[in-house]
Every structure is written in C-alpha cells, then in structure tokens.
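The following features are taken from TrEMBL:
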TRANSMEM  A:6-24  transmembrane segment
DOMAIN    A:68-115  domain 'NADH-Ubiquinone oxidoreductase (complex I) chain 5 N-terminal'
TRANSMEM  A:76-100  transmembrane segment
TRANSMEM  A:112-131  transmembrane segment
DOMAIN    A:133-403  domain 'NADH:quinone oxidoreductase/Mrp antiporter transmembrane'
TRANSMEM  A:137-157  transmembrane segment
TRANSMEM  A:245-263  transmembrane segment
TRANSMEM  A:269-296  transmembrane segment
TRANSMEM  A:303-321  transmembrane segment
TRANSMEM  A:327-352  transmembrane segment
TRANSMEM  A:373-394  transmembrane segment
TRANSMEM  A:414-438  transmembrane segment
TRANSMEM  A:473-496  transmembrane segment
TRANSMEM  A:654-673  transmembrane segment
Amino acid sequence: MTLTTTAVLVPLLPFLGAVAGLLLGRRMPGFVRPLAVLPTLAAAALTVTVAVGQGGGPATDVATRLTPTGSIPIDLALHIDGFAALIAVLVGVVASCVQIYSTGYLRDDPRYPSYAALVSLFTAAMLLVVYTGDLMVLLVGWEVMGICSYFLVGHYWETETARAASLKAFLVTKLGDVPFLFGIFALAADTGTFRITGILGSVANGGLDHPTLIALLLLAGVAGKSAQFPLHTWLPDAMAGPTPVSALIHAATMVAAGIYVVARLLPVFAASAAALIVMAVMAAITMVGSGLAALAQDDIKRVLAYSTVGQLGYMLGALAVGDRGAAVFHLISHGAFKALLFLGAGVIIHAAGTNSLAAMSRMSGLARRIPDAYWTVTVALLALAAIPPFAGFFSKEAVLGAAEHAAGGAAHGIPGAAGWTVLISGLLTALLTAAYAARLWLLAFKGKGIEAPDLPQALNSVRAGETPIPQPVVMNAVLWVLFLPTVALGLAAPLLPGWFDGRSLAPTLTTSVLGTGIALVGGLVTYATWRHTTALAARTPIGAVVVDPDASPAVAEETAMATHAPVYGDVAGAADPADPGRLLLGPLHRHAAVGFHVDAVYSALFVRPVRAAATLVRFLDREVVDTYVRGAGAAPRWLGAAVRRAQTGNVQTYLGALLAGSLVLAIAAVLVATGTGA
Amino acid sequence: MHLAYPAVLAVLLFCTGLYGVLARRNAILVLMSVELMLNAVNLNLVAFDVWLRDTLHAGQALTLFTIAIAAAEIGIGLAIVLLVYRNRGSSDIDRLRDLAEKTGEADAADGTPQPDTKAEATA
C-alpha cells in the first residue's frame with residue numbers, strides 16, 4: 001500500500017465501523033464490540049504506518065477535485081507532514097484506548113451501540129481534520145466532531161445536567177463556528193483557494209489583503225472549539241458526559257483541533273501582529289483563570305476540565321509566540337497524560353462511588369483499593385505539573401522556552417509583548433497547575449478521618465477491609481498503555497524538531513529551573529495547607545451519596561453527577577472547610593468555584609435578553625397575530641348563526657320569502673328596464 | 001271573447017293557489033293549491049295560444065304536457081303525504097320541521113316535540 005492509500009484508509013475505517021455499528025447495533029449485539037474496537041485499532045496501526053512512512057520528510061500532498069464550484073474549487077486533498085502524522089497517531093492511540101476502556105466502562109449500558117458508533121464517527125472526523133489539505137473538507141470534519149460531541153455529552157440524557165450541558169456545548173461552539181466559516185471564506189477570497197498549501201504559498205508570496213480580520217475570525221472558531229476565553233464555558237459543563245468521552249473528546253483530541261488548525265495556518269496568523277497579541281492575551285487570561293478555577297472545583301472531572309482549558313491556553317500561547325513545534329509537542333504529550341488522567345478519574349469515581357473530592361478526602365484506603373489507577377494517575381499528575389522526568393515537563397518547557405525566546409525579541413516578526421504575556425502567565429499558571437494537581441492527588445488518595453461506612457447520608461457504603469472492588473480489567477490495562485507516553489514522551493524531544501519546523505524543543509536552563517522551581521513551590525504550599533486543613537476535615541463531617549460498588553462504572557458516575565447538586569447545593573463546588581484550595585484562594589474561592597461568574601455574565605448579557613425577546617414574540621404571536629386569525633374564524637361563525645335562525649323548517653316561510661324576493665327582483669328589473677329607477 | 005276574461009280568471013286562480021300554498025296547513029290542501037296555480041298557467045297558455053293564432057299551437061301542446069306532468073306530480077305528492085301521515089299521524093305542514101337548523105336556544109323556544117319517527121314507522 002502506498003502512503004496515500006494508507007492515509008485514505010485511516011479516516012475511512014472508523015467511519016465504516018460507525019455506519020456498520022449504527023446499522024447492526026440493535027439486531028446483532030454480538031458484533032457491536034468488535035465493530036467499535038477493531039476499526040479504531042486498525043486505524044491506529046495505520047496512523048503509525050503513515051507516520052513511519054512520512055517521517056520528517058517533505059509534506060505529502062495529494063488531491064483530487066471533488067467538485068467544480070464555479071469560483072473556488074473544493075478538493076479532496078491530503079496534506080501529511082510531521083505535525084499531521086504525529087497528531088494522527090495520538091488520535092488513533094487515544095481513540096483505541098477509549099474504545100477498549102468503554103467496553104468495560106459502559107458494559108451494562110443499553111445505549112452502548114450508538115455510543116460506540118458515535119465515538120467511531122468522531123474518531124473518523126478528527127482524523128479527517130488532521131489529514132485533510134482542504135479547508136472546506138476540514139470544516140466538514142470539524143462540524144461532525146461538534147455534533148458527535150453534542151450527542152456524547154448528552155449520553156446520560158436522563159439527568160438534567162447532561163441535557164443542559166450538551167445544549168450549551170453545542171451552542172457555544174457554534175457561536176465560534178460561524179465566524180470561523182466567514183474566516184475561511186475571507187481567506188479563500190483573498191488567496192483564491194481552499195487548499196492549505198495554496199493559502200500558505202500566497203501568504204508567503206504576496207501576503208493577504210485583510211490579515212487581521214481573517215485571523216480574528218478564525219480565532220473565534222478556535223476559541224469555541226478549543227475552549228479558550230471567552231468561549232471556554234462549555235468545557236467544564238461538558239464533563240456531564242461519560243468519562244471516556246471526556247478523555248477522548250474534551251481532553252485529548254477535539255479541543256486540540258482548534259490548536260491544530262492554528263498550527264496549520266500559523267503564517268496567516270503571524271501576518272498580523274494584532275492577532276498574535278490578541279491570541280497571547282486570550283491564552284494568558286484562559287491559563288490563569290482556569291488555574292484558579294480548577295483549584296476551587298469539587299468534582300474531580302471538573303478540576304481536570306479546567307486543567308484542560310489551561311493546558312490548551314499554553315498551546316495557544318506557544319502559537320502566539322510563533323512556535324508551532326512547541327504547541328504541537330505540548331498537544332501530543334498533554335493528549336496522552338490528560339486522557340490517562342480522565343480514564344483514571346473514571347476508575348476513581350467508580351471505586352469511590354462519588355465524584356466529589358470533599359467526599360473522597362474523608363475516605364481512607366482508596367489508593368489501596370485501586371493500585372493501578374493510583375500509580376498511573378500519580379505519574380500523570382506529576383506530568384501535568386511539569387515535574388522533570390515526565391512528558392509534561394519537556395513540552396511545557398518547550399512552550400516557556402519559545403515564550404522567553406520571543407520576549408527577548410529574538411523571534412522574527414513576533415511582538416515582544418506577546419512573548420512577555422505568555423511567559424509571565426505561563427509561569428504563574430505553572431504554579432497554579434502544580435497547586436491544583438497536588439490538591440487533587442491529596443484529596444483523592446490521601447483521604448483520612450472517618451471511614452466510608454460512617455458517612456452520615458451514605459446510601460450504600462463502601463466497606464473498608466472488604467475484598468477490593470472488581471474493576472474491569474480492560475479499564476486498568478488501558479491506563480498502563482497511556483502510562484508509557486506519559487513517562488517517556490520527553491525522550492522524543494530531541495527527535496521531534498526533525499518532524500516539525502526544525503526549531504529545537506530541548507528545555508533551556510533558565511525556564512527549566514524557573515518552571516520546575518515554581519511548580520515545586522506550588523505543590524509544597526498546597527501540601528502544607530493540606531496538612532493544616534486536614535485536621536479540620538476530621539471535625540467537619542460532610543454528607544455524600546456513595547453508590548453501590550457492584551454497580552457498573554457508568555451507573556456510578558451518572559448517579560454521582562445527579563446527586564452532586566442536591567447534596568452540595570452546587571454542581572461545581574462544595575462547602576468543605578477542610579479543602580486546601582479554600583485556604584489558598586482566600587476570598588477568591590467563592591468566585592473561582594463558579595468560574596468567575598462568566599456564566600452569570602453570559603446569562604445576563606445573552607440568555608435573559610433572548611428570553612425577554614422570546615416572551616415578546618410570544619405575546620405578539622398569541623395576542624396580536626392570533627387575534628386576526630381568531631377574528632377571521634369568528635366573524636363567519638357569527639354570520640352563520642344569524643342566518644341559521646331563518647332555517648325554521650317551515651316550508652311555507654321559505655316559499656313566502658322566495659315570493660317576496662322574486663317580487664322585489666321583478667320590480668327592480670322592470671324599473672331598470674324602463675329606466676326610471678336608475 | 002276578449003283576452004281580459006281568461007287572464008283575470010287566471011290571475012284570480014293563481015292568487016288563490018298562492019294563498020293556499022302559503023297559508024294552508026294541511027298538506028293535501030297545499031297540493032290542491034299547487035294544482036290551482038298550475039291550472040291558472042294552463043288557462044293562460046290556452047288563452048294566449050288562441051289570441052296569438054299560433055299555427056303550431058305551441059300553447060295547447062304545452063298545456064297537455066303540463067297536465068301530464070301535473071298528474072304525475074300529484075301522484076307522487078299524495079304518496080309522500082300519505083307516507084308522512086302514516087309515519088307521523090299528521091300531515092300538518094307546520095309540524096314537519098325536521099329540516100330546521102337546531103340551535104340550542106331556538107329548540108328550547110320552539111318547545112313543540114316532534115313525534116317519534118321510529119315508533120310510528122314500526123306501527
């Protein structure tokens with residue numbers, strides 16, 4: 001098989017798997033699991049083949065004209081370079097892991113066939129986005145991912161949270177997609193082609209007519225998809241979906257699509273200094289804000305979601321300083337360790353029977369019960385906090401190094417202000433990242449105090465000392481698969497520049513020392529605070545609903561989500577005085593727990609005016625328009641009622657009336673005929 | 001004979017018939033009044049036929065035609081009246097109001113119950 005054939009098969013296989021899964025799902029349940037797992041696994045193997053075949057060589061470009069449109073043609077084009085090949089490998093591997101994990105996680109779910117098919121469809125769309133060389137085709141994959149995300153977030157549609165979250169995710173990302181579409185059109189109008197190679201060629205030769213406008217329009221779409229401020233609000237709520245979905249879509253791949261598009265079109269953005277500054281500021285606000293918010297969340301998955309938002313901010317920051325190699329490196333390593341964190345969180349939620357960190361911090365022995373998740377998640381959290389030997393350290397240092405490079409004015413065409421913004425916010429975020437990673441680890445695994453059975457409101461308690469909860473083997477096996485890149489991806493740092501733009505990704509001394517030092521400070525401060533507050537935890541029992549350990553993982557998660565708000569009064573936070581995040585953030589905690597009121601602002605700015613307008617329209621429709629309609633019906637009815645009174649049933653009356661009428665007509669006719677009446 | 005005599009006679013006959021149709025209650029009398037009106041027309045036809053000296057005598061031919069039609073009509077009419085009487089025990093036109101439009105208030109105001117058609121039909 002040639003490289004092209006292999007690359008075409010990569011998105012095609014999961015797509016066919018999805019179609020077959022949807023068609024056969026109900027009739028042949030035995031085929032559902034193979035149909036979900038095997039095409040994805042095959043696609044993952046093929047992405048590796050493509051990556052090996054492509055190597056760091058010049059980009060492979062193949063195209064066939066899809067349709068002549070009359071003006072700018074649309075091509076089915078493949079554009080495979082080092083970036084595309086490596087990201088495709090990430091997508092393939094994570095998607096395979098998630099499909100395998102899901103067979104255990106959703107083992108009793110009646111909607112598993114459609115779920116698996118949608119995950120396959122999503123994988124196909126993401127691989128299409130990665131491999132395509134035509135912006136229109138990319139947009140198709142982009143939107144298919146959006147709709148898959150909508151369906152998968154709403155998988156537990158029996159719960160109110162999931163329904164609301166899926167709608168919110170769809171609407172907010174669409175809010176970004178509309179400017180994105182306009183941006184693509186404007187870009188094509190300026191350059192005369194939808195092909196990425198053609199666009200980059202004309203940017204390099206003659207430049208664009210409206211670089212800032214195009215870059216900002218595209219950036220809106222990227223902000224929506226990659227959950228950057230101000231369109232980030234959908235991602236924490238999207239955690240209402242099943243955990244494997246969060247791992248695949250809302251951590252490793254789909255949210256990375258926005259970053260990937262910017263990386264692909266970086267020269268377009270670099271043509272406008274204003275766009276780079278906007279990108280840098282956006283990334284800075286996102287990073288710091290999400291770091292603070294993550295420190296105040298109680299739901300373990302929401303902590304990870306805000307963490308994802310922040311790490312995507314790092315990637316966007318790297319792009320804002322013009323280093324797409326660093327951005328994609330961080331994308332890949334983040335994809336690996338964040339997928340691991342989410343899948344591990346799924347195991348933790350199942351074992352603990354709750355998704356609340358406050359409740360977990362009052363359970364002892366959780367780490368003993370799930371040793372696989374304990375070790376892998378610990379390492380993944382170290383990678384997230386950028387502690388040296390692990391993958392996250394190398395990729396984050398590459399980002400910070402690029403920012404420092406730009407801040408020093410050494411980067412050509414990049415404003416120094418962007419470099420400084422990214423560097424300072426990046427260092428600040430490193431501190432926050434280490435703090436919330438430490439908090440998550442301490443609360444989840446180092447819980448002390450009252451044993452689980454003594455929880456005041458426990459429905460079905462986890463009894464300590466019993467035989468360990470049987471976790472599905474596949475769930476733990478997958479964790480170890482993702483553990484490998486989390487640990488070892490840093491070794492690839494010297495090799496990657498050959499695949500990317502050739503710029504070195506090795507950590508520089510200044511940023512390494514600074515970044516690691518700051519991360520250690522963050523972790524240690526959190527630890528000290530936790531030591532201080534943990535004494536409080538013993539004194540303040542907190543209510544929790546704990547799900548029966550025999551329940552399937554998905555049921556445990558769904559119940560945990562549905563009961564969080566009733567028990568703690570809020571989806572995001574918990575009134576736990578023993579939380580170290582509360583002490584660290586001080587008065588900020590209240591605001592950080594609700595994501596700095598961004599949702600409230602949107603509600604006041606958009607939701608309420610729209611509702612008021614809807615009420616007005618309803619009034620106009622019901623009271624004004626309908627009045628005419630009702631009048632048109634009522635008038636003939638009244639007329640009919642009046643005429644009906646003449647229908648007495650007495651034939652002689654009819655005849656009398658007939659005679660009188662005939663007489664009147666005859667007289668009138670005579671008068672008209674003789675001309676006297678007119 | 002002057003045309004005025006048969007014409008005036010026809011008018012009188014027609015008015016009598018009209019009065020009978022509009023004012024009588026007995027269905028048979030109404031049918032008889034209809035016959036009077038028809039015959040007034042026949043009289044006119046014959047009189048004008050003579051007065052116009054029509055060589056084809058279309059008026060007389062039409063009169064014969066009318067008489068034949070009237071015979072058939074009165075046969076059917078009387079049969080209907082007979083059946084109505086058998087069904088309802090009455091041939092009073094004022095009480096044959098099944099075709100009246102039923103409105104809630106009008107019914108209550110009418111107050112005259114219709115004879116039970118089913119019971120009569122089986123009798």
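Glycine too: its Cβ is placed from the backbone N, Cα and C atoms.
With DSSP classes pooled into helix, strand and coil, the tally for the domain 'NADH-Ubiquinone oxidoreductase (complex I) chain 5 N-terminal' (A:68-115) is 28 helix, 7 strand, 13 coil.
Segment contact holds for the transmembrane segment (A:76-100) and the transmembrane segment (A:245-263), given three or more CB pairs below 8 angstroms at sequence separation of 6 or more. At the 8 Å Cβ threshold, with sequence separation of at least 6, the transmembrane segment (A:303-321) lacks contact with the transmembrane segment (A:112-131), having fewer than 3 such pairs.
Confidence for the domain 'NADH-Ubiquinone oxidoreductase (complex I) chain 5 N-terminal' (A:68-115), expressed as mean pLDDT, is 85. Scored by C-beta pairs under 8 angstroms, the transmembrane segment (A:327-352) has its highest count with A:245-263, from the stretches A:112-131, A:137-157, A:245-263, A:269-296, A:414-438. Among A:112-131, A:245-263, A:414-438, A:112-131 has the largest number of CB pairs under 8 A with the transmembrane segment (A:137-157).
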